[in-house]
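J.: Pasting a structure here, questions to come.
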Amino acid sequence: MIGVGDMVLLEPLSEDSFIENLRKRFDHNEIYTYIGSVVISMNPYRSLPIFTPEKVEEYRNRNFYELSPHIYALADEAYRSLRDQDKDQCILITGESGAGKTEASKLVMSYVAAVCGKGQEVNKVKEQLLQSNPVLEAFGNAKTVRNDNSSRFGKYMDIEFDFKGDPLGGVISNYLLEKSRVVKQPRGERNFHVFYQLLSGASDDTLKKLKLDRDFSKYNYLSLDSAVVNGLDDAANFRTVRNAMQIVGFMEDEVQSVLELVAAVLKLGDIEFKPESRCNGTDESRIKDKNDLKEMCELLGIEQSVLERAFSYRTVEARLEKVSTTLNVAQAQTKARHKVMGVLDIYGFEIFEDNSFEQFIINYCNEKLQQIFIELTLREEQEEYVREGIEWTNIEYFNNAIICDLIENHQNGILAMLDEECLRPGTVTDETFLDKLNTICAEHQHFESRLSKNSKFLTDHSLPHNCFRIQHYAGKVLYRAEGFVDKNNDLLYRDLSQAMYKANHSLIKQLFPEGNPAKVNLKRPPTAGFQFRASVGTLMKNLQTKNPNYIRCIKPNDKKASHIFTDSLVCHQVRYLGLMENVRVRRAGYAFRQAYEPCLERYKMLCKRTWPHWRGPAREGVEVLMADLPVPAEEFSYGRSKIFIRNPRTLFFLEERRRQCLQDLATLIQKIYRGWKCRSHFLLLKKSQIVVAAWYRRYAQEKKYQKIKSATTVVQSYTRGWQARKLLRELKYQKRCEEAVTTISAFWHGTQVRREYRKFFRANAGKKIYDFTIQRIMQKYFLGLKSTMPSVSPIDKSWPANPYRFLDGVHTELRRIFHLWRCKKYRSQFTEEKKAVYEEKLEASEIFKDKKALYPSSVSQPFKGDYLEISKNPKYQKLHSAVDEKVLLADVVNKINRANGKGTARIFLLTKKSVVLADQKTGQVKASVPLPDLASVSVSTQSDGFFALRLKEGSASAVKGDFLLSSDHLIEIITKLHRTGATAADSEQLDIDISDEFLLQFKHDKVCVKFIQGAPKNGNSVSCKRKNNRLLEVSVPTTA
């Protein structure tokens, strides 16, 4: 191992040795170091081969100190504690901007996703959790002078697990999104990634729809000096973000709405205002060029006059810095108890040349995190000594609660005074706020201001008059008071909210609910500081309920370059992170502690009484082991469940003795192994010699046998050859005799036949010539037919003309046979699905042809079945899960109200066993009718879409009466009902009643439904009216 992996074991311990150990490990690509259970992470500013799937398997289910320090070890320890011990965990990742906090959170999440369970649903949840990062980074990260992918918001993710340790989902909370970056960026920095990704990676058609151009220089909100960042491929990242949004759960129309909103923000930055004077002498503002305003209104669906009025009737400075506000913390509360692992990736401590309200809030959050780190670390350390019964003296340490109190005190805190200034009547400015701070906080030891009554800062020229300075745990920070009051107010004028609410854009309406005129709230909204303080308080309470795991990220240099280690920068971070104090706390009592069982298992070979097996309790075995070793008694103590070792040298002594014992054991094992190997080799040689001798004797006998066999074969072959040649001569002589007799007989028979043929030739010559001629004509006819054959399409009616009249019958029969053949060949190409469609069309023809006026228009329309895509649409997921069987048909129909004849939209589902009617909006099942309960279906002879489901009397479904429905796909619905009823084993043939007048049973009354033809009304639509208690009249427009 390079250097010391755990700083607790560092000897000697000093700040210089601490920094030198970090440097040594950093130079050898060892970027992780422990302080007990705390992980120090150095940003390498390059890719390292230590995050491969092989590394994941290496650290999986291994003890924390078993392998070299790694972030995977901490993630595995947290996950196993959550899974096996049912302890909620949280992983706190802190450090400066650019120290690698976001990458550390990605590594933790990817490791947890890799080691938890498998399965289709589990993999879907894991993929959604991992793909949430690209989306959040696109809209919340930007390039700054310190970091090319700086998080401009705080993120806390709670990942929920079931009892098996499989992820169920997650809840992401955001803190203090830096909204001012949209309209203004410091020199050398960029706007949020999504603007550059959209212009670089979107297709030309998409940009045309969004009314955008790829040229960054055309948009005022995009800084040009840092538009292109080395190592960032905005086009590829845009494709990654689009894919991630689909995986997370965004529908295509929702993605388009988000992109339209991003394009509208870019357009908003190009709107410029000009001053004008009204007739009464007052000033007003007007928009210079309304083209950008027009395109923005088209994207958002807002009337141009409404948005122009909202802009112009307020004093607007479009290029000035906007207010940054906090996002409310929305923690999901579930009834079931789940295991939770929280991952906190929040902005680091920031000290810029110009620090404003955002930096003040960010540094306040880091103060709170530092406070909880110190308290939880010391409390856990000291409680362990008390719990184990070890004598312990309380350790004093610096508590930054005084700084937190300076900021968040409800009476005299800076945030409280800022809220008081924002809410009080009269003239409120940043100067009055600063005066109040100077009056109340002047004597505070961590507050500095040149205007305060404290005389020691009156001559401090590094402290401007409009600024104040706070001594944070990480150093002094100078804050400019300008903008504090406005940014804390976070006001949005009501006329702008109402203008946005009038938009036809669904996403805009959701973002501005306060613009709803029906829900006008005159109460003043809470300030940004109040919201953030409440959010941080909720976060701290949440973290205190979980077992903390710490990752302290350190930036090795300010140049974002690899292989550069700046001692002063690292030393500053080590100091304000309190890492040296953390090491001293760990070493103040005992530098190392371990449970009795693993301690005995590791060092049992050091004592003959404990090696190789100890039969008693583990503590007694450790006591016997330590008593047998030359270790002073004051160097260790026995707790209730652990042994505590005071000095690292003792641990090094145990490890050295263990290494020597392992070498002796290895030597013994080698000796025994070599003896066994030599004996095995001798026995193998002896056995081989016996086998070789046996095989040789067998080989010699086989060779002798082969020689005798070969000689015998030669003698036999000579004898058989002489006999065969003798037989061949006899057979040849016999064959020549037979051939001579056959030749003589053939000549004689030929002479006789020629004599007879000459007698009858003249009498039979005409018939033979006729037969030959007919044969030649038939041959010519078939050859000509072969070259003029029509196509194999069944609808091709052409056929070659008949050249010979006497072949009319044959010509017609061949045409019929050819047509049957090509029809059979065409049918053989059908798939089972296509056959089923044609069978349904054929059955529809048998049912409705020449009986229903609507049938001819349905012939050209294909039967789709599932018109709602109920298995894919998430809107109907609940309804799809409620139906156990395969859905044969899903469509929206109108259920006719028996009282007034009006229709109500219902979802019509047909399965193999039942008909289901459900509410179109909620998906709730309203009625389910088994197919055996259907008696018949009644339709009219006209071109309407009405049909009635008549139920069997006495069945359970007949309580509410028959159903009268209307559909645009009546022919398909009736056909599928008829086919399904015919194939069901437990139902009879479904009757189809086609009549313009039929009776329906509505609860206790029978109502006659009568179809009449009338003049076109209401746009040629069919109307249904109830004439009296016994008659429903359906008026069908007369077709031309």
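Note: Cβ is positioned from N, Cα and C throughout, glycine not excepted.
These came from TrEMBL, pasted as-is:
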{"type": "DOMAIN", "residues": "2-659", "note": "domain 'Myosin motor'"}
{"type": "BINDING", "residues": "Gly95, Glu96, Ser97, Gly98, Ala99, Gly100, Lys101, Thr102", "note": "ATP binding site"}
{"type": "REGION", "residues": "536-558", "note": "region 'Actin-binding'"}
{"type": "DOMAIN", "residues": "852-1038", "note": "domain 'TH1'"}
J.: Would you kindly list the residues that approach the region 'Actin-binding' (536-558) from elsewhere in its chain, counting only those six or more residues past its ends and only Cβ-Cβ distances under 8 Å?
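T.: Contacts of the region 'Actin-binding' (536-558) (Cβ under 8 Å, skipping residues fewer than 6 from its ends): 22, 26, 37-45, 71, 74, 77-78, 81, 87-96, 98-101, 104, 108, 146, 156, 158, 173, 175, 329, 331, 340, 342, 344, 348, 364-365, 368, 372-373, 376-377, 564-566, 569-570, 573-574, 577, 579.
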J.: Summarise the region 'Actin-binding' (536-558) by DSSP state, stating how many residues are helix, strand and coil.
T.: 9 helix, 8 strand, 6 coil
J.: Non-local Cβ contacts of Thr102 (ATP binding site) (under 8 Å, 6 or more apart, same chain)?
T.: Glu137, Asn141, Asn149, Ser151, Asp345
J.: Cβ within 8 Å of the ATP site centroid (Gly95, Glu96, Ser97, Gly98, Ala99, Gly100, Lys101, Thr102 excluded): which residues?
T.: Asn43, Asn147, Gly348, Cys553, Lys555
J.: Which residues in the same chain, at least 6 apart in sequence, have a Cβ under 8 Å from the Cβ of Gly95 (ATP binding site)?
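T.: For Gly95 (ATP binding site), the qualifying residues are Ser41, Lys101, Gly348, Arg552, Cys553, Ile554, Lys555, Gln573, Leu577.
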J.: Express the predicted model's confidence over the domain 'Myosin motor' (2-659) as a mean pLDDT, rounded to an integer.
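T.: Here the mean pLDDT over the domain 'Myosin motor' (2-659) amounts to 81.
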